[in-house]
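Asker: Not my notes, these are from TrEMBL:
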DOMAIN    A:85-274  domain 'ABC transmembrane type-1'
TRANSMEM  A:26-49  transmembrane segment
TRANSMEM  A:87-113  transmembrane segment
TRANSMEM  A:125-142  transmembrane segment
TRANSMEM  A:148-166  transmembrane segment
TRANSMEM  A:206-229  transmembrane segment
TRANSMEM  A:249-277  transmembrane segment
Amino acid sequence: MTAVTPSDATQHVSPRLKGRRRSRTLAIGIAFVGLIVAVALVSLVWLPYEPSDTSGGRLESPSWEHWIGTDKFGRDLLTQLMIGARIAITVGCGAVAVGATIGITIGLVAAFAKPWLDDTISATLDVLIAFPVLLLAMLIVAAQGASLGTAILAIGIALSAVVARLTRILASQVLRAQYVTAARTSGTRWFGIVGQHVLPNIWPTLGVNLALLFGAAVLAEASLSYLGLGAPPPNASWGRMLQEAQATFTTAPAGAIAPGIALVILVVGVNFIADGLRDLADPTRKRSR
Amino acid sequence: MSLLRIDRLSISSASAAPDARPLVDELYLSLEAGARLGLIGESGSGKSLTSLAITGLLPSGLAGSGSITLNGVEVIGADERVLQPLRGPVASIVFQEPLTALDPLMRVGRQVAGPIRRHRGLRGGALDTAVRAALDEVALPDLDRMLRAYPHEISGGQRQRVAIAIALASRPALLIADEPTTALDVTVQAEVLALLNRLVAEREMALLFISHDLAVVSSMVDEVVVLSNGVAVERGPVARVLSAPEHEYTRRLVASARALDNALEAL
Ligand SMILES: Nc1ncnc2c1ncn2[C@@H]1O[C@H](COP(=O)(O)OP(=O)(O)O)[C@@H](O)[C@H]1O
Ligand SMILES: [Mg+2]
């Protein structure tokens, strides 16, 4: 994949059309993510069945009693899907929060550090990034035992290397800018430089990438759960639903299709939002809208 | 004690060959409180590096040697803790290109408020009033719009006025103006020069005025130092240097300025 800057990709499109298209992308993204968030919120106060209720028939097709059917133990799939939405959002937000906190801190330290320390940090990050996220997460889960907190921590730490490298690159670009020199000649101290100039100027790009990483975190959680390394029951995760429905896919496909569609809606939704945010977060680009 | 004293200042690149000529080579100059000095030379002669070295902000990879004292405090090799109190109240810089010297994502009002809050300790309503006064002093129109504008939303001349307001907010004893009008239209140039002239006189600041333009320099200062490839080749009263240049390089500068003048008049 080659990096395409927004201006390359949209050069032939008039600014107004581009703006309209962007805001439509953003609206669709918000609708998709909003749907999943709404389901997750409803699951906190109301569920069609108890998660452990096995009173339904085994592998039932969708019906008025069980809207998307039941699993091989006779549990309601809609109930699991709703709990799964909660797990996906929790892990996504938690992992991005962990990854952003650790990653932005390390990235800023590297950007401000003396060259030798910067080089050491960068080389370490390159190694960590080459390491597959899932493998890194599996190692942490193996050491800590599977739980929701471990999944968040593991995925968050895995993401932090990516955030740190991006932050370092963006921050050192800002530090070379003349407005930072100008701010320093007027006596701004380094924490003022970080808070007033570096963070606001890297935020448009960083924010978009954090939204993209939210999608990656949701997929990583599904993969961990699929492998049996995610949050244990009763935390029904979409990944585990997929795994449990796999053996009976040909006879009862709803058990795999439902969490699959839910994953796609959430991940596509955050990616659309990320795309739409690119313009909103940067006031210097607004004049072309 | 001089306000600014530069003694055998050399600036060289850490990665350059050891026998390579330094970018600034054994420069001397000194400036008393309230005095004005011009530093002239072609592009690349080391003027901007000299001004950055005075505030201890040479780009990484460049090192200064010799001595620079501001208010008697040594700058070369000094710690951030020593330099910090000098930046702003003692020396402040106005840069050549106001678009890159202002943070593109920060509203003008906040950019001016920063140094006023830091150096005068104002908060809340008093700070708002002081920010307005600072923008008013540099003759910016439509203050309500200015305060809320981003740098890309105002004109080049207005941006440079904002940059001047920021540089003056800390009430510096020495103002360093590094080609402050080079990036501006000729008509705007004259206005900004007049503004600088007035403010420097009113506040009795010392001025180190950097330019490659002889006409501009002669309207701002009385004494000049001519810099060529990092070496000070000539110095003296501006009238004498322009009318009877001693060094070959100065003669060429003056001749090319005359040629341009004549060409313009012939139009
Ligand atoms: N960061 C840097 N690293 C290496 N060389 C530099 C750097 N900045 C400027 N120079 C060189 O130093 C010389 C003087 O630059 P400068 O002081 O900016 O000239 P000017 O008189 O136009 O302001 C130029 O030859 C320039 O190429
Ligand atoms: Mg210059």
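Backbone N, Cα and C atoms are what each Cβ position is placed from, and that goes for glycine too.
Could you tell me the structural context for the features on the list?
Answerer: Sequence-distant neighbours of the transmembrane segment (A:125-142) (same chain, 6+ residues past either end, Cβ-Cβ under 8 Å): 106, 110, 150-151, 153-155, 157-159, 161-162, 164-165, 168, 216, 220, 223-224, 227, 229.
With a threshold of 8 Å between CB atoms, the same-chain residues lying at least 6 positions outside the transmembrane segment (A:148-166) that come near it are 87, 90-91, 94-104, 106-107, 110, 121-122, 125-126, 128-129, 133-134, 136-138, 140-141, 205-206, 209-210, 213, 216-217, 220-221, 224-225, 229-231, 235.
Tertiary proximity for the transmembrane segment (A:249-277) is limited to same-chain residues at least six positions away from its ends with a CB under 8 Å from its CB atoms, namely 22-23, 25-33, 35-36, 59, 61-62, 68-69, 71, 77, 81, 84-85, 88-89, 92, 204, 207-209, 211-212, 214-215, 218-219, 222, 238-239, 241-242.
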Asker: Taking a Cβ cut-off under 8 Å, which residues six or more beyond the ends of the transmembrane segment (A:206-229) line up next to it in the same chain?
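Answerer: Sequence-distant neighbours of the transmembrane segment (A:206-229): 87-88, 91-93, 95-96, 99-100, 104, 133-134, 137-138, 141-142, 146, 151, 154-156, 158-159, 162-163, 166-167, 170, 237-240, 242-243, 259, 263, 266-267, 270-271, 273-275, 277-278, 281.
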